[in-house]
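Only one structure is covered here, and it is reproduced in the block below.
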Amino acid sequence: MALRALFTKTAPTLASGLGPFASAGGSGTRWQGLCHARGLKVAALPDLEYDYGALEPAISGEIMRLHHQKHHKAYVSNYNDALEKLDAAMAKGDVPAVVRLQSAIKFNGGGHINHTIFWKNLKPVNEGGGEPPHATLGWAIDTDFGSLEALVQKMNAEGAALQGSGWVWLALDKERKKLLVEATANQDPLVTKGANLVPLLGIDVWEHAYYLQYKNVKPEYLKNIWSVMNWKYASEVYDSEIA
């Protein structure tokens, strides 16, 4: 997914209830105006293409609502806040502040990027979720991993073994035209592991993604999420990148 698709020059309309700013008349509007003048891009919380409960029983509606409305929304708000502070620091020539803000921008911007991909990676069963990949991506999986089952086992093992919080990815190395499984810590986006890596599927293995439903049994969550995996999306990204 191109990163430019994850950001917008203006915040979403307040009527959506998803914007990072509290009111149209406060500092948020001034910041939006400043962003427009400087050409900066603020993040916006994306709408989901399905209802919160549509992925049950694999992922509960309660988890999906909290995950999207609380966790992802916080990453968006915190990223925009850090971006505003960075702009002010750069205008003042405050180099120490610019350096200090890098970690907040990486963490929250990465959280926004990762979750925006994650929502696209999921699809209700009655809309094709869990249907295995065919054509070019299916052939590539067989070539690079032996079978889809072997890939799933590898990703589940990587996710279960990941200590602390992070993500496990099915990635395309564009330079080598090869599929890889990669894990990233915290909210590091996949690009931090290599500029040539394109995320096709990402599984969130932070506790907030599963604990309310699965408690400490992370392997069960990893097993069940494949029943709502959107392989059509992964195939579309793969085909566009190798074209």
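Here the Cβ of each residue, glycine as well, is placed from N, Cα and C on the backbone.
Nobody curates TrEMBL annotations by hand; they come from automatic prediction.
Listed features, source TrEMBL:
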- 45-122: domain 'Manganese/iron superoxide dismutase N-terminal' (DOMAIN)
- His67, His115, Asp204, His208: Mn(2+) binding site (BINDING)
- 135-236: domain 'Manganese/iron superoxide dismutase C-terminal' (DOMAIN)
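Taking each Cβ in turn and tallying the other Cβ atoms within 10 Å, the top scorer among the binding-site residues His67, His115, His208 is His115. For the domain 'Manganese/iron superoxide dismutase C-terminal' (135-236), the model's average pLDDT works out to 97. Each residue in His68, His71, His72, Phe118, Trp206, Ala209 lies on the same chain as His67, His115, Asp204, His208 and has a C-beta within 8 Å of the C-beta centroid of that Mn(2+) site, without being one of the site residues. DSSP assignment over the domain 'Manganese/iron superoxide dismutase C-terminal' (135-236) gives 53 helix, 25 strand, 24 coil.
Long-range Cβ proximity for Asp204 (Mn(2+) binding site), meaning a same-chain Cβ under 8 A and a gap of 6 or more residues, is found for His67, Asn114, His115, Phe118, Trp167.
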